[in-house]
Amino acid sequence: MAVAGAVKTSGGVQFCSEFENDDSDFRRVVLLYVDGPFGVGKTVTAKTLMQMPNWRGCRLYLAEPMQAWRQWFGGADMIKEINEIQTLKASGKLECREASPVAVAEVQMTIAAPLRIMNHVIYNYLGSERCYSAAASGPDDVLFLVDRHPLAACLCFPVAQYLSGALEFGDLITLLSGIPDIPTHSNIVLMDLDICEQARRIIQRGRPGETVDWTYLCALRNSYICLMNTTTYLQRTSYPALLKEQEALTSATLLKFKRECLETATVPEINPSIDQTLFAILAFDQQNVHGERLKTVLSFVVQKLATVLKNLCIFYLPAHGLTPEACALKCLEFAETASSLTTKRAAIASLIDAVERYNADMGS
């Protein structure tokens, strides 16, 4: 056996020699998604964490599929395309109906594809085994960092596009209906940043197609905060109580929700009401032009959101004034208290191979 504690790094994988040679059958896995609006530092934080010595066991890093988004689909740059459409819509040069069905919704579904695919692969290896509560990390444990959760492309970004006027309601519902099922014990680190600092970073890095649209940045940030509020609300509210409160929502609730998401910086609530959650978008009342006509469809979307989001554990990381190292240390603190899974050693080996191939084909 090689010397314990020696580290080998390969393709987004870092593991101790103990892990490489130990034949015991099971490993504990902490699956930690790092997410948030673009430009808040999530990728830098995850990569910094991969290099820190604080975690004793194996570390895996699944990259954001930037190559896939910018090169895969017929040579089109999906990130550039969707930002250009939103810019044209904001300037009044493109009507929402022109932009939405053939452009924003379609591009957003394309962006979601690699995230959905790999999420399915991950849970093929990890989802069928026993679940464990939090425990201090040991040399046999695996920390699996994933850059973006599928909910980013299937929920948070579409909600922001709808709130800022680039996506129509029917197209939003189409995207929400495609949210993948998420097993229990899924952990998300939600990174947040002052919008002015976020805009400065976006301009400074100068990625092709990325623009600073203040309305959209505000809507996107608040869609993530409302995701956290929704999860908190669901963990405190029974499903019958949710349905009762949902039926009481009005078009006035929706208008207030839109206004606040576009104009103010919302904060995660300890005990959020339903009008501070994403359910506020799905008001059923007859005054809402969408509500009565789509009531049956909306009821299924409410059920889907309730089932999926209740399973999440979200850790909030305000990154204002923090270095990448400080953010990475916070992520490690979250990992020590996060719920975890166990899976067989052979499954981990297969997962490592899948991660390396995914990063080579799709990663940034």
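Note: Cβ is positioned from N, Cα and C throughout, glycine not excepted.
Mapped onto three states, the DSSP output places Glu64 (active site, proton acceptor) in coil. Feature annotation from Swiss-Prot assigns active site, proton acceptor to Glu64.
Around the Cβ of Arg201 (ATP binding site), the same chain contributes Gly39, Val40, Gly41, Leu193, each under 8 angstroms and 6 or more positions distant in sequence. What Swiss-Prot records for Gly36, Pro37, Phe38, Gly39, Val40, Gly41, Lys42, Thr43, Arg201 is ATP binding site, and it gives sequence analysis as the kind of evidence.
Cβ neighbour count for Gln108 (substrate binding site): 23 (other Cβ atoms within 10 Å of its Cβ, all protein chains included). Residues or ranges marked as substrate binding site by Swiss-Prot on the basis of sequence analysis: Gln108, Arg207.
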Legend entry - Residues satisfying Cβ distance under 8 Å from Gly36 (ATP binding site), sequence separation of at least 6: Lys42, Leu190, Met191, Asp192, Leu193, Tyr224
Inset, instruction - Take the Cβ of Lys42 (ATP binding site) and count every other Cβ within 10 Å, whichever protein chain it belongs to. - result: 27
Legend entry - Pairwise Cα distance for Arg207 (substrate binding site)/Phe38 (ATP binding site) [Å, integer]: 11
Inset, instruction - Please work out the number of neighbouring Cβ atoms within 10 Å of the Cβ of Phe38 (ATP binding site), leaving out its own Cβ. - result: 20
Legend entry - Residues Gly36, Pro37, Phe38, Gly39, Val40, Gly41, Lys42, Thr43, Arg201 binding ATP per the record - widest CA separation, whole Å: 14
